[in-house]
Amino acid sequence: MIVKTEEELQALKEIGYICAKVRNTMQAATKPGITTKELDNIAKELFEEYGAISAPIHDENFPGQTCISVNEEVAHGIPSKRVIREGDLVNIDVSALKNGYYADTGISFVVGESDDPMKQKVCDVATMAFENAIAKVKPGTKLSNIGKAVHNTARQNDLKVIKNLTGHGVGLSLHEAPAHVLNYFDPKDKTLLTEGMVLAIEPFISSNASFVTEGKNEWAFETSDKSFVAQIEHTVIVTKDGPILTTKIEEE
């Protein structure tokens, strides 16, 4: 969507705050011994408290309030009886709507200590890639600069990007124009960023694989070689005064 009024801006900030609060609370609770279903129940309670609705359920009929992906799962992991263990690489992806306005956010992190430093490396580089990407976000610049920044960050750290998972427009639905915010440079994409445009920007940084495939069920994505993959995602509003991250809150 394109934000045109103060009311729209405040509505997007409100749902962004809610999604950030849910994401942070779930991350803080992700300790060895908890199940992904128990983590998802935290989201259910908070959505109810704040008067928000899970977007995966509302828009996609997804079997969970949030997507929780562990180790070999890259995205769209279904909350289940799976028990979190020390050293797991976990991704929590939270999207929701309130009063018709949406936000989408995600974070990858290592639970406690891992004996494989690559797990932490993909998380750190995903954060760097996101920061380098939003530095390119201003009205009149090319959308493709985002993907170029993400891909360059990965390459500089001897890592890959996942090419068939992308960011997207967001705001009045979970997925809207632009349909894809790529994590690599596409010279054919001439789309320009405009004032008020709302994007979900989400680098996926991989230890080796460049593509995901369908995993153990109809929802989850995995890599064929069990690469470690990390994602960082925020909902971003393009403005001439710099990007507004609706899903980043002060306590971070």
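Placement of Cβ uses the backbone N, Cα and C atoms for every residue, glycine included.
Model, not experiment: these values are computed from the prediction.
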### Message
Quick check on the annotation: Swiss-Prot has HIS168, GLU202, GLU233 binding divalent metal cation 2, so which of ASP104, ASP115, ASP116 does it put in that site too?
### Response
ASP104
### Matching residue for the divalent metal cation 1 site, where Swiss-Prot names ASP104, GLU233 - out of ASP88, ASP93, ASP124
ASP93
### Query
Which binding-site residues (HIS76, HIS168, HIS175) fall within 10 Å of ASP93 (divalent metal cation 1 binding site) by Cα distance?
HIS76
### Query
Taking the Cβ of HIS168 (divalent metal cation 2 binding site) as reference, which residues of that chain separated by at least 6 in sequence fall under 8 Å from it?
HIS175, GLU176, PRO178, ALA179, HIS180, VAL181, LEU199, ALA200
### Query
Of the binding-site residues listed here (HIS76, ASP104, GLU233), which is spatially closest to GLU202 (divalent metal cation 2 binding site) when Cα positions are compared?
GLU233
### Message
Tell me the Cα distance separating HIS76 (substrate binding site) from ASP104 (divalent metal cation 1 binding site), rounded to the nearest angstrom.
### Response
13
## Note on the structure
As a whole number of Å, the Cα atom of HIS76 (substrate binding site) is distant from the Cα atom of GLU233 (divalent metal cation 1 binding site) by 14
### Task
Using a 10 Å cut-off, grab the number of neighbouring Cβ atoms around the Cβ of HIS76 (substrate binding site), all chains included.
24
